[in-house]
There are 4 protein chains.
Amino acid sequence: MTQPAVNRVVLAYSGGLDTSVILKWLKETYNCEVVTFTADLGQGEELEPARAKAELMGVKPEHIFIDDLREEFVKDYVFPMMRANALYEGLYLLGTSIARPLIAKRQIEIAKLVGADAVSHGATGKGNDQVRFELGYYALQPDIKVIAPWREWDLTSRTKLIEYAEAHQIPVPKDKRGESPFSTDANLLHTSSEGKVLEDPWEEVPNYVYSRTDDPETAPDTPEYITIDFERGDGVALNGEAMSPATLLTALNALGKTHGIGRLDLVENRFVGMKSRGMYETPGGTIYHAAHRGIEQITLDRGAAHLKDELAIRYAELVYNGFWFSPEREMLQAAIDHSQEKVAGTVRLKLYKGSVSVVGRKSPNTLYSEKVVTFEDDAGAYDQRDAAGFIKLNALRLRLLGRRDGR
Amino acid sequence: MTQPAVNRVVLAYSGGLDTSVILKWLKETYNCEVVTFTADLGQGEELEPARAKAELMGVKPEHIFIDDLREEFVKDYVFPMMRANALYEGLYLLGTSIARPLIAKRQIEIAKLVGADAVSHGATGKGNDQVRFELGYYALQPDIKVIAPWREWDLTSRTKLIEYAEAHQIPVPKDKRGESPFSTDANLLHTSSEGKVLEDPWEEVPNYVYSRTDDPETAPDTPEYITIDFERGDGVALNGEAMSPATLLTALNALGKTHGIGRLDLVENRFVGMKSRGMYETPGGTIYHAAHRGIEQITLDRGAAHLKDELAIRYAELVYNGFWFSPEREMLQAAIDHSQEKVAGTVRLKLYKGSVSVVGRKSPNTLYSEKVVTFEDDAGAYDQRDAAGFIKLNALRLRLLGRRDGR
Amino acid sequence: MTQPAVNRVVLAYSGGLDTSVILKWLKETYNCEVVTFTADLGQGEELEPARAKAELMGVKPEHIFIDDLREEFVKDYVFPMMRANALYEGLYLLGTSIARPLIAKRQIEIAKLVGADAVSHGATGKGNDQVRFELGYYALQPDIKVIAPWREWDLTSRTKLIEYAEAHQIPVPKDKRGESPFSTDANLLHTSSEGKVLEDPWEEVPNYVYSRTDDPETAPDTPEYITIDFERGDGVALNGEAMSPATLLTALNALGKTHGIGRLDLVENRFVGMKSRGMYETPGGTIYHAAHRGIEQITLDRGAAHLKDELAIRYAELVYNGFWFSPEREMLQAAIDHSQEKVAGTVRLKLYKGSVSVVGRKSPNTLYSEKVVTFEDDAGAYDQRDAAGFIKLNALRLRLLGRRDGR
Amino acid sequence: MTQPAVNRVVLAYSGGLDTSVILKWLKETYNCEVVTFTADLGQGEELEPARAKAELMGVKPEHIFIDDLREEFVKDYVFPMMRANALYEGLYLLGTSIARPLIAKRQIEIAKLVGADAVSHGATGKGNDQVRFELGYYALQPDIKVIAPWREWDLTSRTKLIEYAEAHQIPVPKDKRGESPFSTDANLLHTSSEGKVLEDPWEEVPNYVYSRTDDPETAPDTPEYITIDFERGDGVALNGEAMSPATLLTALNALGKTHGIGRLDLVENRFVGMKSRGMYETPGGTIYHAAHRGIEQITLDRGAAHLKDELAIRYAELVYNGFWFSPEREMLQAAIDHSQEKVAGTVRLKLYKGSVSVVGRKSPNTLYSEKVVTFEDDAGAYDQRDAAGFIKLNALRLRLLGRRDGR
């Protein structure tokens with residue numbers, strides 16, 4: 001594979017060993033200028049050290065970008081996805097998938113700002129993240145050059161990587177010298193863990209893998225009740241206190257952590273064609289997801305709700321596969337958002353040792369009518385005799401079939 | 001509404017107050033012979049008393065049918081539905097819905113056996129069950145007459161019902177004199193509760209409503225691990241011990257009860273157009289559902305799995321709405337069953353205070369390949385360079401769009 | 001069935017025999033005031049005679065509403081539906097279905113204007129139109145009373161209807177004395193014919209049934225070429241001449257008539273559960289539909305196009321079944337409309353003896369790239385080597401399957 | 001790209017210039033033995049010359065495979081697809097797509113027979129056919145080596161190809177010396193044409209491109225009526241005369257040709273991400289497709305029909321993209337085939353100057369009931385009063401919405 005000529009590349013840079021090696025390798029291999037971009041998506045790490053490291057590696061100060069994207073992340077990515085009730089393969093809340101498009105978008109913005117002709121990321125060649133990053137890049141800047149070092153270089157083992165680092169004066173933290181027993185990704189929505197000790201799907205996930213949630217067994221013995229308020233399909237308050245999107249999710253994360261909520265052990269199908277096993281911790285997102293379904297139960301019409309359930313399958317697949325910036329994801333979002341206008345009110349939830357349960361919901365926009373549904377006399381709100389005709393006409397085609405086919 | 005002439009009617013008869021009143025009312029109103037049918041679907045009640053009561057009400061011994069349908073119920077109704085991973089409105093395991101078609105089918109069989117020209121049931125005019133029963137009747141015997149007393153008579157309050165019972169020498173159990181605080185339906189898969197104290201969806205379900213599951217808060221403090229074995233998509237063994245379908249579900253119910261698993265508080269959309277609030281307890285079914293998804297994760301191809309997820313939405317809606325005996329449900333079943341041939345292996349689950357978690361799965365048919373997915377050197381099982389082309393062609397249309405539209 | 005008390009009713013009134021009888025019958029039966037509403041939807045009849053007839057029947061002048069709704073019909077109903085490429089059961093362009101919601105909407109507006117508490121229509125109890133009218137009424141004015149004379153009265157034969165008319169001094173046109181050999185409905189989009197001579201689906205539709213299209217066999221021997229221009233998914237010009245929606249559809253109708261385009265003989269499934277056979281003539285709509293697909297071919301991305309194709313099935317079913325004013329139709333419309341922003345350009349079509357063919361399309365927004373697709377050297381626009389990786393990763397899961405299952 | 005070691009390769013060989021060059025190039029490049037496979041899929045060419053050419057090129061007689069696959073093609077590929085009513089992007093009958101899996105399957109069978117370790121095809125790197133061939137190969141023999149010369153070699157222009165041919169003593173037919181003005185693919189179902197003169201989608205397809213259909217303008221001035229009989233969803237007779245699948249399709253092709261039926265000018269979206277413009281002629285298939293829809297109209301229940309219409313979209317996409325041998329295509333097929341058991345009877349069609357119209361259908365299994373649908377007195381087959389209840393309950397949710405939202 002011949003290398004394209006590259007002048008300036010914007011690298012998604014964490015400051016860690018891998019992306020530091022990439023930074024160096026990009027300079028060496030392409031003889032180009034590297035611009036670093038480090039995003040705070042709520043992964044829970046200090047970002048300023050990344051600046052110091054980048055400077056040490058010779059990146060110009062004006063080429064070091066460190067952005068706090070937490071509010072944008074929750075407001076424009078997590079919440080729209082939560083409106084869809086998206087679950088990949090029935091279970092996964094898409095915590096990694098949903099962060100990638102925002103990183104890609106910001107990288108392209110920076111590339112335009114600094115006049116870079118290429119972007120680069122640290123995702124491997126077997127995973128979904130390379131796809132998500134690169135589909136984002138190409139959608140937003142079709143002629144950008146994309147450099148994916150893990151697919152290109154020959155640093156195919158950790159030993160080689162560390163040798164390269166040492167040969168190039170890149171500091172190698174002690175805990176990175178040995179093999180990490182698994183690999184993680186974190187942001188405000190979740191932490192994922194995969195690889196190594198998790199690779200046998202028959203083996204239970206060891207306790208030391210969990211970092212975002214306390215063990216349900218040691219969680220409080222008393223349930224905690226909370227309320228979340230919604231407006232237009234989005235959470236706006238916790239226990240009656242108004243909060244910004246990222247503040248709300250952060251608070252829910254703390255609650256979810258305490259009560260051991262949101263652990264998921266999953267074998268999933270990657271877009272690149274293989275099965276992988278991951279362990280996801282999505283404490284606040286799991287609570288939020290349950291709450292959103294709860295408020296929809298009383299404010300969403302059946303027709304809208306059932307259509308949404310069908311669209312959500314496709315939506316989740318698109319987000320997982322990296323097609324956030326695609327017309328079809330946007331079409332689905334338009335349909336979903338149209339349904340959320342009246343999704344407002346309060347959901348009451350019970351948190352207890354790993355579980356979250358909706359125990360109450362109320363709304364000024366409720367479509368639930370006690371008067372209609374009641375077992376008591378409904379004063380004519382519903383004429384039970386209508387049901388006879390309803391059933392007769394729904395049965396008509398089945399009767400015609402039955403007459404033809406017998407059974 | 002003029003009454004059709006009826007000679008002999010098969011009544012779905014529980015032996016309780018309501019269906020006893022119906023039995024009498026049918027005779028009075030239609031001057032017809034009543035045949036009673038009482039099914040054991042695992043609702044946990046003695047059925048022989050129903051025989052005595054029916055005899056007391058003047059039903060001929062040869063016209064009293066009491067059938068143990070538990071194995072047929074689980075094998076031919078619950079398990080096929082579980083193969084689909086069907087959840088109505090994202091959450092409900094359809095415990096009531098799935099029992100109705102079997103009752104309808106057996107009622108029609110009995111009607112043919114005894115030469116009855118009509119069937120009758122005790123479902124009200126506001127609910128889904130009337131639809132499920134009657135669509136079943138009409139599909140299987142298009143020219144059957146259907147009598148739905150709750151839609152016809154003027155016994156519109158419990159007081160009137162009891163007055164009618166007393167006027168006709170029908171014994172009224174003491175606990176039926178007052179208003180029951182809620183209404184229930186039970187079978188081997190679940191118990192549902194609704195009405196009265198449950199009608200305000202903001203109020204938490206009172207503890208006394210639960211009958212099939214222990215309170216998670218009083219459940220054992222130590223998790224219990226179990227395994228379920230699957231063959232062709234169906235559960236066949238618990239902890240290595242082979243079991244028939246109904247035996248397996250019964251055993252899982254006991255486990256689920258102990259660990260407080262399978263409670264669901266739901267506001268759902270009825271087919272007849274209103275929202276209702278129900279509380280469902282599906283202890284064994286909730287464990288089984290999780291286990292089935294678990295074994296599919298390693299044995300089902302992505303294409304099959306994703307198609308199944310889309311079909312499951314429609315499937316669940318059909319079952320909920322009463323279209324079990326419809327060509328479209330059967331078409332979906334054909335597709336789903338086609339996918340299950342290799343769904344075999346063992347799932348390990350952890351039960352703890354209201355939660356069930358898949359913690360391991362293995363299968364002779366696994367499609368999970370450690371060799372392909374590994375973070376370690378994969379010895380050429382997967383060429384990371386292929387990913388570049390994969391992404392490039394997936395991105396092509398987005399790049400063409402991006403060039404046209406900018407962003 | 002007891003009649004509800006009615007003070008004032010808005011009747012969808014054509015001025016023909018049937019609705020004149022209804023007008024009288026409403027007065028007699030409900031002792032209420034009747035307000036007539038006659039809409040010009042392009043059905044091709046003079047409407048002023050309806051005014052005279054209504055006056056003659058005693059309707060107050062200020063209670064006679066005659067509205068030209070043609071532009072609103074095409075702009076807000078036909079065109080949005082055409083954006084969806086909606087076809088019911090693969091073939092039917094929904095000409096009758098799409099007119100009903102507009103009539104219902106206007107009736108409800110008039111009811112509010114004149115303070116009427118009821119609405120009425122002349123659709124029979126076997127058809128879809130009663131459903132479409134009434135779902136519209138109820139959605140827009142949930143507490144309106146609806147009177148459907150054909151479901152209520154005992155004028156169950158034409159003879160009785162004519163007797164009633166004569167007994168009440170309603171003029172019976174000579175051609176209405178005998179049985180009409182079929183029944184029709186017409187508007188700017190189409191004319192439908194059904195019933196009587198059309199009831200045997202094995203018998204070819206007789207030539208005298210067609211009224212909106214010339215026989216292809218007598219159509220011109222020379223093809224005619226036309227162009228239609230689109231903007232944002234809607235037709236805006238014919239042969240380069242800008243036209244309003246209704247003007248454009250009218251002009252296309254003339255062209256379609258001349259060339260015998262848009263005849264459809266269909267056995268369809270009614271929402272009320274039976275199959276019926278209809279003959280539809282949709283001359284302009286058939287041309288427009290083909291043109292819209294043509295312009296989408298070069299301006300719509302694949303992801304958007306394929307999603308639209310799936311949504312169109314559901315959309316068509318909703319329109320056919322009368323759920324125009326439903327949240328789910330509006331959600332689908334939001335998704336569809338989102339896709340249409342760049343659907344602009346020119347389509348060239350050939351009209352010839354019953355056929356319409358797209359023969360060319362061009363657009364400033366084209367996504368078709370000769371440079372990419374060309375068989376000639378593409379100067380690097382597309383790297384054929386990418387295809388290898390694309391195929392390899394798409395094949396990966398099939399290979400894993402193949403290794404497991406053999407074949 | 002390093003070449004894999006190859007011992008023996010099975011080449012899909014037409015005997016034409018391109019595959020002859022490939023034959024030579026394979027030997028030269030891989031120093032391997034070449035086995036040729038030439039299939040008769042009804043493309044209308046003599047196949048024996050291919051044997052002579054292969055022998056001339058040094059292929060061993062026992063390594064030359066020439067198979068007549070026409071009956072298998074129609075019976076096991078075309079007809080199952082037609083049962084689905086599959087149309088790609090609303091219009092395309094998938095004539096090329098459906099032939100590829102059969103060729104791939106036979107190539108793999110031959111590879112097993114002769115102990116070959118590789119297969120090769122002549123499809124280019126920009127098209128869909130490479131994907132269809134290779135997904136087939138990999139699904140059926142996961143470890144096969146695949147050689148796609150057009151993606152590997154440097155014969156990037158026709159001039160270079162001809163030079164290579166001449167340099168290697170491969171005869172170059174005179175009509176292949178110049179550039180062909182377009183490229184074609186043919187089989188019993190269709191002929192496709194694309195490239196060169198067809199690359200501008202605004203330019204009408206020149207008349208000389210058409211080879212399988214007569215010009216509608218010169219087609220007979222008198223319509224021709226035919227009947228097709230169906231059993232279990234498949235055509236079995238033409239004009240009452242029983243025929244095998246391939247015989248029937250051949251006869252319909254002759255009829256379609258005469259009447260100019262089945263031309264389609266389409267801009268479509270390729271799986272590899274670009275738009276292309278093709279011209280398809282599917283004479284018999286177009287007639288057959290219309291007929292199949294016609295017989296389904298009276299024999300398929302609405303629930304089955306509507307589900308089929310949704311599944312058909314996905315089915316068509318899978319076939320187009322090359323996923324014939326995938327679990328999800330097989331699942332869809334299982335659902336579709338389940339629906340076809342009673343799809344039997346006779347369809348009458350009118351063929352006239354480019355159009356095919358269903359004008360009559362009858363069936364022993366008809367679900368159409370004149371008695372139910374009739375405008376005349378139906379003797380109680382349908383109670384119009386049922387419609388009131390049907391509408392009321394369908395409207396209930398819309399009324400609850402209307403009360404909440406106003407409009």
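Backbone N, Cα and C define each Cβ position, glycine as well.
As given in TrEMBL:
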- C:A12, C:Y13, C:S14, C:G15, C:G16, C:L17, C:D18, C:T19, C:S20, C:A39, C:G122: ATP binding site (BINDING)
- C:Y92, C:S97, C:N128, C:R132, C:S183, C:S192, C:E268, C:Y280: L-citrulline binding site (BINDING)
- C:T124, C:N128, C:D129: L-aspartate binding site (BINDING)
- C:8-171: domain 'Arginosuccinate synthase-like N-terminal' (DOMAIN)
- C:182-399: domain 'Arginosuccinate synthase C-terminal' (DOMAIN)
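Projection of TrEMBL feature records onto the structure.
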{"residue": "C:G16", "record": "ATP binding site", "DSSP class": "coil"}
{"residue": "C:Y92", "record": "L-citrulline binding site", "DSSP class": "strand"}
{"residue": "C:S97", "record": "L-citrulline binding site", "DSSP class": "coil"}
{"residue": "C:T124", "record": "L-aspartate binding site", "DSSP class": "coil"}
{"residue": "C:R132", "record": "L-citrulline binding site", "DSSP class": "helix"}
{"residue": "C:S183", "record": "L-citrulline binding site", "DSSP class": "strand"}
{"residue": "C:S192", "record": "L-citrulline binding site", "DSSP class": "strand"}
{"residue": "C:Y280", "record": "L-citrulline binding site", "DSSP class": "strand"}
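Ranked by CA distance from C:N128 (L-citrulline binding site), the binding-site residues C:A12, C:G16, C:S20, C:G122 have C:G122 at the top as the closest. Closest in space to C:D129 (L-aspartate binding site), of the binding-site residues given as C:D18, C:S192, C:Y280, is C:S192, taking the CA atom of each residue. Of all the binding-site residues in the record (C:S97, C:T124, C:S192), the one with the smallest CA separation from C:A12 (ATP binding site) is C:T124. Residues C:A123, C:K126, C:G127, C:Q130, C:V131, C:R132, C:V272 surround the recorded L-aspartate site, their Cβ atoms falling within 8 Å of the Cβ centroid of C:T124, C:N128, C:D129, which are themselves excluded. Here the C-alpha separation of C:S20 (ATP binding site) and C:S192 (L-citrulline binding site) works out to 22 Å. With a threshold of 8 Å between Cβ atoms, the binding-site residues C:A12, C:S14, C:T124, C:S183, C:E268 that neighbour chain D are C:T124, C:S183, C:E268. Here the C-alpha separation of C:E268 (L-citrulline binding site) and C:T124 (L-aspartate binding site) works out to 17 Å. Within the same chain, residues at least six positions away from C:D18 (ATP binding site) with a Cβ under 8 Å of its Cβ are C:G122, C:L161. Annotation for C:S192 (L-citrulline binding site): spatial neighbours C:G95, C:T96, C:T184, C:D185, C:A186, C:G278, C:M279, C:Y280, C:E281, criterion Cβ-Cβ under 8 Å with sequence separation of six or more. All protein chains considered, the CB of C:A12 (ATP binding site) has 22 other CB atoms within 10 Å. Taking Cα separation as the measure, C:G16 (ATP binding site) is nearest to C:S183 of the binding-site residues C:Y92, C:R132, C:S183. Geometry remark: C:S183 (L-citrulline binding site) versus C:T124 (L-aspartate binding site), CA distance 12 Å. The L-citrulline site in the record is lined by C:Y92, C:S97, C:N128, C:R132, C:S183, C:S192, C:E268, C:Y280, and its two most distant CA atoms lie 18 Å apart.
Within the group of binding-site residues (C:S97, C:S183), the Cβ with the highest number of other Cβ atoms inside 10 Å belongs to C:S97. Separating the Cα atoms of C:T124 (L-aspartate binding site) and C:S97 (L-citrulline binding site) is a whole-number distance of 15 Å. Here the CA atom of C:Y92 (L-citrulline binding site) lies 25 Å from the CA atom of C:S14 (ATP binding site).
Site extent for ATP: the farthest pair of Cα atoms among C:A12, C:Y13, C:S14, C:G15, C:G16, C:L17, C:D18, C:T19, C:S20, C:A39, C:G122 sits 16 Å apart.
DSSP classifies C:E268 (L-citrulline binding site) as strand under the three-state reduction.
Annotation: C:S20 carries the greatest number of neighbouring Cβ atoms among the binding-site residues C:S14, C:S20, C:T124, C:N128 [cut-off 10 Å, Cβ to Cβ]. Counting other CB atoms no more than 10 Å from each candidate's CB, the binding-site residues C:G16, C:G122 peak at C:G122.
The Cβ of C:Y92 (L-citrulline binding site) has 21 other Cβ atoms within 10 Å, all protein chains considered.
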